[in-house]
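> This is the structure, below, for whatever I ask next.
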Amino acid sequence: MEDMESYVAAAAAAVSSFDMEIRSMRLQHATSLAGHAGVEEAAGGGGGRSGQRDGGGGGRKAGERVWAVVNTTSDGLTQLATLHSAEEIAFVKRVIDAMFEKYNTPRIEALCLDSMQANKLRIPPPPSEDTTMVDDNDEDEDGTTQQQQQPTQTLKGLKSSEAEAVMHSMVDEGWFEKTREGLYMLSSRALLELRSWLVEAYNDPDAAEGEWRRVKHCEACREIVTVGKRCPERDCHMRLHEICDDAFWRTRRDRACPKCKTTWPRGEEHRSFVGPKAITETEAYQRGRRRSGKARNSNLVEQIMHEDEEDEDPEGDDDEE
């Protein structure tokens, strides 16, 4: 490992003059090789691109360290523009928005969605809600420049088959991962390349201390948590990656949450999750799967999230967003 760190340090110094840097993280959970194109693992081998989508053959263990060379002058979404059309990029942005907004609430921090839910995002909102403005500089007779804003060409959206193809390509290119249950979430590569953008895009910089925020960090390693455990107290911000859980509590006298003092359950007794388990480990999901089978998976997810919305607004208030 010391040799690997020295190699990485040398490589980082070499690429820094090209506005690049090397970032690393430990895998939040065990995965197939799919969803990890563009990253290199610590143990050598297996760092190349993969065409697998659904977990076949090979994989990586939770806790393995991976590295990625990241362009520091542009975010990953900008880089996607070299391979995808404006319509496809806009669709991917809507999918990520849904992961961190619609499917990420104080009660259920799922941060994932399935193919049917993604397909519903293939058409953009009405132009008045999704119009990008560009500057058009006009010069008056006296030479004064005035800026006028005009809308860019309105995006029309994708066909259902095109949206499905884009989701597959996001896995093949290493931006998304797909679980065995068919849920899509951001990959390690995406978290490495987009981590600053995610915080800026989804967290309110003016939020008061203790106010709920969409992007949270592990109390142990300080990296973003999209798969892990949360404090049983809903309003508490304490989060841990499952790979950080044991080591974190071994260094403490008791299992009281350091933020709110709620007792943190051990092992399988802990039923408060971040990520796909926030859905798949619920009684409603397990009961629905037994009754209806995998074919109704998407309906189950929608039902669980809809119940969450009702819990958040028990009196049916029509608050403006």
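Placement of Cβ uses the backbone N, Cα and C atoms for every residue, glycine included.
What you are looking at is a predicted structure, and each value in this text was computed from that prediction instead of being measured.
Heads up, here are the entries from TrEMBL:
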type: COMPBIAS; residues: 43-60; note: compositional bias 'Gly residues'
type: COMPBIAS; residues: 144-154; note: compositional bias 'Low complexity'
type: DOMAIN; residues: 218-260; note: domain 'Non-structural maintenance of chromosomes element 1 RING C4HC3-type'
type: REGION; residues: 39-62; note: region 'Disordered'
type: REGION; residues: 119-160; note: region 'Disordered'
type: REGION; residues: 277-321; note: region 'Disordered'
> Summarise the domain 'Non-structural maintenance of chromosomes element 1 RING C4HC3-type' (218-260) by DSSP state, stating how many residues are helix, strand and coil.
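The composition, in the requested order, is 9 helix, 7 strand, 27 coil.
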> How about long-range neighbours of the domain 'Non-structural maintenance of chromosomes element 1 RING C4HC3-type' (218-260): same chain, 6 or more residues beyond its ends, C-beta under 8 Å?
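Sequence-distant neighbours of the domain 'Non-structural maintenance of chromosomes element 1 RING C4HC3-type' (218-260): 25-29, 62-63, 106-107, 109, 111, 185-186, 191, 195, 198-199, 210, 212, 266, 270-277.
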> The domain 'Non-structural maintenance of chromosomes element 1 RING C4HC3-type' (218-260): mean pLDDT?
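So the average pLDDT across the domain 'Non-structural maintenance of chromosomes element 1 RING C4HC3-type' (218-260) works out to 94.
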